[in-house]
There are 4 protein chains.
Amino acid sequence: MKIGILTSGGDCPGINATIRGVCKTAINYYGMEVYGIHSGFRGLLDNDVIPLTESSLTGLLNMGGTILGTSREKPFRRRGNVAMSEDKPAMLLNTIHERGLDCIVCIGGNGTLKTAAKLQEAGVNVVSIPKTIDNDVWGTDISFGFDSAVSIATDAIDRLHSTASSHQRVMVIEVMGHKAGWIALYSGMAGGGDIILLPEIPFDMHRIGDTIINRLKKGKPYSIVVVAEGIPTRDGKKAAQFIAEEIEYETGFETRETVLGYIQRGGSPTAFDRNLATRMGGHATELIAQGQFGRMVALQGDVIGSIPLQETAGKLKLVTENHDLIIQGRRMGVCFG
Amino acid sequence: MKIGILTSGGDCPGINATIRGVCKTAINYYGMEVYGIHSGFRGLLDNDVIPLTESSLTGLLNMGGTILGTSREKPFRRRGNVAMSEDKPAMLLNTIHERGLDCIVCIGGNGTLKTAAKLQEAGVNVVSIPKTIDNDVWGTDISFGFDSAVSIATDAIDRLHSTASSHQRVMVIEVMGHKAGWIALYSGMAGGGDIILLPEIPFDMHRIGDTIINRLKKGKPYSIVVVAEGIPTRDGKKAAQFIAEEIEYETGFETRETVLGYIQRGGSPTAFDRNLATRMGGHATELIAQGQFGRMVALQGDVIGSIPLQETAGKLKLVTENHDLIIQGRRMGVCFG
Amino acid sequence: MKIGILTSGGDCPGINATIRGVCKTAINYYGMEVYGIHSGFRGLLDNDVIPLTESSLTGLLNMGGTILGTSREKPFRRRGNVAMSEDKPAMLLNTIHERGLDCIVCIGGNGTLKTAAKLQEAGVNVVSIPKTIDNDVWGTDISFGFDSAVSIATDAIDRLHSTASSHQRVMVIEVMGHKAGWIALYSGMAGGGDIILLPEIPFDMHRIGDTIINRLKKGKPYSIVVVAEGIPTRDGKKAAQFIAEEIEYETGFETRETVLGYIQRGGSPTAFDRNLATRMGGHATELIAQGQFGRMVALQGDVIGSIPLQETAGKLKLVTENHDLIIQGRRMGVCFG
Amino acid sequence: MKIGILTSGGDCPGINATIRGVCKTAINYYGMEVYGIHSGFRGLLDNDVIPLTESSLTGLLNMGGTILGTSREKPFRRRGNVAMSEDKPAMLLNTIHERGLDCIVCIGGNGTLKTAAKLQEAGVNVVSIPKTIDNDVWGTDISFGFDSAVSIATDAIDRLHSTASSHQRVMVIEVMGHKAGWIALYSGMAGGGDIILLPEIPFDMHRIGDTIINRLKKGKPYSIVVVAEGIPTRDGKKAAQFIAEEIEYETGFETRETVLGYIQRGGSPTAFDRNLATRMGGHATELIAQGQFGRMVALQGDVIGSIPLQETAGKLKLVTENHDLIIQGRRMGVCFG
């Protein structure tokens with residue numbers, strides 16, 4: 001059995017641990033061969049494929065990024081009726097055939113899952129592993145990378161507290177999350193945010209202003225505001241800038257913004273993410289050994305299982321208003337909008 | 001409604017976050033009064049009780065230890081037939097009555113849960129919240145403190161890798177876990193341990209030696225061994241010392257030991273533990289508001305629920321051989337004994 | 001002897017450790033009384049002053065921010081010939097007189113030092129302690145806060161490496177430093193930056209582009225660029241955005257920017273900064289005990305000494321081209337512009 | 001010019017950064033060739049030498065340990081009058097001659113410096129770079145590795161505070177330092193230790209007990225004790241165990257010990273150490289370029305310089321009673337014995 005493995009979409013802590021999990025299980029336990037495909041699906045187009053051995057895996061468990069490289073190549077995307085200059089799907093299949101790969105492990109987020117589903121439809125054996133710091137892949141309770149991102153964001157919020165209270169300021173911090181506010185919710189609650197704004201929950205600037213004024217009345221002339229990058233703004237402003245300006249207007253408080261940015265997705269994964277990534281990697285290999293293709297590995301409660309790839313297509317896992325942490329936060333006085 | 005709250009047994013990251021979660025929900029949302037009881041059950045004996053207000057809670061979310069102090073006082077313990085000089089149960093009830101406390105929130109591990117169950121039997125309204133870095137409380141999927149301890153232990157194992165490989169040594173690290181090997185299992189896997197020894201799984205020194213020798217043959221003349229403090233040893237030796245000596249004898253490899261000790265239970269909790277602690281604290285207050293007493297808060301899948309206190313009494317949650325991480329570890333070549 | 005102590009200007013890790021150093025030495029060793037002045041010089045205007053005792057100092061050593069609060073109040077600033085509505089200098093002196101303060105310890109950066117010099121000229125006994133993450137106070141080898149800021153920035157740069165190499169991108173990170181590039185220089189070198197831009201050294205976009213292209217030719221299709229916020233830009237653009245756009249234009253490389261922002265000045269100080277802050281605080285008290293006023297505490301080689309306040313006025317400590325780290329960086333192939 | 005480079009003695013954070021500093025400067029700037037010698041002087045005996053190129057250096061800046069490996073081989077040591085079975089000095093010289101190495105860069109601590117001096121006497125061109133977490137190399141103000149070790153130890157002491165205060169205990173922590181107490185002094189002061197014991201300063205158990213009792217009287221029923229491993233004990237006991245037992249006997253306080261161990265020497269170096277290591281590495285190459293051999297690179301104030309190797313031989317840099325931090329600590333109430 002020859003496995004090809006690729007990583008696609010944004011990088012995220014834990015990818016290398018997953019690669020290690022897939023490969024060690026495949027090579028050590030099942031005696032399979034594993035081939036690394038460079039730069040996501042682009043490596044299949046370019047026939048950029050190398051064998052992976054146990055010695056390729058040293059040091060991977062706690063290393064950030066992906067040793068295979070990644071890209072946002074979407075080989076099945078069609079541009080209207082215009083004929084593409086290259087027949088990318090054919091090129092993909094050609095590489096897979098030529099290399100004799102029996103199946104492809106695709107590690108990626110929602111975009112990758114779509115491509116993986118199409119690859120499966122095109123007759124290739126595919127197993128997918130979800131990977132996203134945003135935690136918005138439908139079908140798995142948690143994706144690896146999320147705990148690391150939350151951990152980094154929480155550490156940053158901790159740091160802002162000293163400036164907020166020393167200067168009696170409102171500090172606004174923007175964390176990742178275009179459509180889903182998971183990082184904002186979890187880091188906001190863990191960092192003691194007073195106001196937490198998610199793309200999923202509409203907000204009202206008056207209520208936000210009142211929260212800040214009420215804190216002042218209680219002897220706390222400073223506040224921490226955690227916003228997801230994907231909240232609606234005006235005039236093309238970025239989330240943090242928009243909210244900071246509105247708060248200054250609404251309350252007169254000196255307000256400062258921080259955009260956490262790429263730091264959230266880099267560096268060594270947390271212990272939690274390393275174990276989740278390892279387990280998911282191992283389970284992917286097991287699915288291959290059992291001939292179960294067209295599936296995405298998923299954390300279900302405390303168990304690693306899998307679901308059909310097509311079930312995940314086009315779906316996003318969003319935060320809902322009745323999430324435990326939101327209900328609990330509201331009871332403790334946190335303003336979610 | 002007047003709530004008394006106490007923390008008992010070993011300290012653990014996240015206790016203060018739980019206290020905050022209980023109090024903020026009680027004071028802010030339900031309009032209850034909360035009283036802090038000092039030094040665990042000893043504070044009920046000594047009538048050492050003070051009111052907690054919202055301003056007592058500033059800075060608690062990320063603070064290690066417990067602001068209430070703790071002790072290992074077990075007021076219901078009987079020593080044979082010997083009459084005790086003090087009637088401790090009566091003293092407890094007296095303080096509770098005199099202070100007008102309608103219920104007691106007990107935050108603690110297995111020992112505390114036993115005392116809490118007896119307090120309930122004695123007619124006091126009790127709600128318990130499990131707290132242990134060891135993760136061995138029966139009935140909850142995870143206890144807060146565990147993720148922090150695993151995180152610290154994993155960081156330590158990461159550091160040992162450099163010395164192991166630079167000096168071509170075997171490095172043995174002892175982590176906490178008297179009866180349950182959860183910390184050893186999770187930090188061992190996250191830290192890339194080659195050999196992981198738990199109290200629950202018998203080990204064989206020959207197999208351990210073979211693992212080390214086989215790594216040498218593969219060009220890796222060093223190994224990382226993670227042991228729980230509770231594994232069986234001889235001659236009253238501590239776990240790390242015993243295993244290090246046996247490995248040197250078995251393999252001739254230069255072997256060094258590290259005992260991680262109290263560092264594992266101190267300092268700021270991880271984001272994961274802060275959120276778990278906050279949710280558990282909030283849920284405890286909710287149980288009180290609903291008049292559901294005699295229960296322990298528990299993480300069940302992704303939901304915070306509760307179980308009857310007496311169900312947990314005398315039970316320990318141990319690692320079993322069919323645990324996902326053990327199966328996965330074995331497939332990747334990790335030796336569990 | 002009654003000491004007043006205040007913190008002014010931007011907050012910075014180590015201020016609380018300095019306050020502790022001043023107070024413990026004063027109270028414990030010299031038997032002086034210490035009074036904390038709130039919100040910098042504003043607290044002298046508002047008579048917002050409270051006694052500090054040993055118990056006020058618990059937990060200060062590793063706490064970020066300043067428990068005294070800070071402001072950018074400049075009481076001696078004159079606005080043209082317009083008569084001020086309030087005579088601030090008189091208000092200051094009045095508070096000092098009324099409270100019976102024998103001297104004032106001013107902890108702050110360049111702005112604070114100017115005000116402190118004027119306060120001394122106005123007949124008040126002043127001792128100053130330099131405090132700035134920017135490390136640009138003239139007369140001291142290092143200011144506390146700098147090592148912490150460098151440490152946080154280096155950690156962030158470490159994280160960007162994974163994204164840079166996984167995505168084959170140029171990552172630009174902007175760190176603090178309006179006029180002085182110390183943080184950019186030290187974190188850039190410690191983080192392995194390929195291009196490091198400081199306000200003190202003119203840069204050439206062609207040379208920067210060449211550096212990136214040359215790395216590509218050596219098989220490294222990614223680069224890390226560290227820029228100080230104070231480098232010259234065009235069209236009012238921020239440093240990181242400007243440089244990222246220029247690099248994309250110059251090289252065609254996908255380039256992403258990160259602005260580190262307030263995270264650099266928050267949170268617990270490094271061990272280095274704690275010790276430096278403690279020593280400086282202790283030395284300030286010693287100067288007071290010896291009646292040496294009008295001086296700024298300074299690190300001189302490995303010794304804590306002091307210099308006359310007026311010597312520092314209006315001077316900035318800037319990076320020079322012949323700095324050891326720049327010469328060394330250039331030899332190793334780092335581009336400084 | 002062909003340079004050989006080796007690392008000898010205990011590993012320490014920053015060694016790889018130094019290797020990178022030597023090599024990048026040599027290869028990139030001076031066009032020299034560099035050869036890595038494995039496992040310290042043993043690699044010269046075994047002719048275990050490989051060329052290093054720029055691509056060998058990727059990722060070294062923040063990597064712990066040493067990629068060259070290390071050993072405690074002392075090739076010039078004589079065992080009485082007994083003729084050695086092997087003429088190690090001749091073997092060394094043979095490898096150096098055969099490989100055509102023009103000089104050897106020796107990175108190591110006091111033991112390595114002795115060997116390096118003998119190698120120089122034997123006619124080999126040698127440049128040494130001091131490396132020790134203990135900071136006890138004579139002739140340099142600071143050695144790299146020290147700041148990292150202090151940082152790790154301080155972090156551990158921070159963690160012990162929560163347990164100490166929650167349980168009202170005395171916590172004893174043992175840090176490295178056989179003959180010199182630098183780590184204990186710097187981490188003890190940075191971590192807020194109440195009692196700090198160094199090999200250089202005799203201690204008195206009564207005074208230690210009094211310190212703990214006096215803290216109790218001031219309402220602080222807990223203490224942190226930081227001890228260097230090299231303090232005198234009785235009955236072959238380790239430092240922490242001995243002191244903990246004595247304190248329990250002296251005060252009746254529940255006392256717990258932690259031995260920090262190998263964690264102090266592993267993992268990624270601090271930003272401070274990375275820059276110091278880089279500068280020292282670069283300076284070593286410069287000495288070679290200038291033909292200045294028989295010297296040890298040294299930090300002198302804020303400048304990197306060098307001193308003759310024989311000046312350092314047999315000397316240790318110890319803490320003296322009049323060290324700034326000790327004087328300052330005493331004034332703040334810290335007990336040094």
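Positions of Cβ are set from backbone N, Cα and C atoms, glycine also.
Of the listed candidates (D:GLY10, D:GLY14, D:GLY177), TrEMBL assigns D:GLY10 to the same ATP site as D:ARG72, D:GLU73, D:GLY109, D:ASN110, D:GLY111, D:THR112. Taking the centroid of the Cβ atoms of D:GLY10, D:ARG72, D:GLU73, D:GLY109, D:ASN110, D:GLY111, D:THR112 as the ATP site, the other same-chain residues with Cβ within 8 Å of it are D:SER8, D:GLY9, D:GLY40, D:LYS74, D:GLY108, D:THR115. Counting only the Cα atoms, the space from D:ASP134 (substrate binding site) to D:ARG72 (ATP binding site) is about 16 angstrom. Neighbour counts were taken as the number of other C-beta atoms within 10 angstroms of each residue's C-beta; across the binding-site residues D:GLY10, D:GLY111, the minimum falls on D:GLY111.
In sequence order, the binding-site residues from D:GLU73, D:GLY109, D:ASN110 that place a Cβ under 8 angstroms from a chain B Cβ amount to none. Proximity of D:GLY109 (ATP binding site) to non-local residues of its own chain (separation of 6 or more, Cβ distance below 8 Å) is seen for D:GLY9, D:GLY10, D:PRO130, D:LYS131, D:THR132, D:ASP134, D:ASP136, D:VAL137, D:SER143, given in sequence order. Cα of D:GLY111 (ATP binding site) to Cα of D:MET176 (substrate binding site): a distance of 17 Å. Between D:ARG256 (substrate binding site) and D:ASN110 (ATP binding site), the C-alpha separation comes to 33 Å.
Nearest in space to D:MET176 (substrate binding site), taking C-alpha to C-alpha distance over the binding-site residues D:ARG72, D:GLU73, D:ASN110, D:THR112, is D:ASN110. For the pair D:THR112 (ATP binding site) and D:ILE263 (substrate binding site), the C-alpha distance works out to 22 angstrom.
Contacting chain C by the Cβ rule (under 8 Å between Cβ atoms), the binding-site residues D:GLY109, D:ASP134, D:ARG256, D:ARG265 reduce to an empty set. In this structure the alpha carbons, written CA, of D:GLU73 (ATP binding site) and D:HIS178 (substrate binding site) are 20 Å apart. Secondary structure at D:MET176 (substrate binding site), as computed by DSSP, is coil. Of the binding-site residues D:HIS178, D:ARG256, D:ARG265, D:ARG265 has the largest number of other Cβ atoms within 10 Å of its own Cβ.
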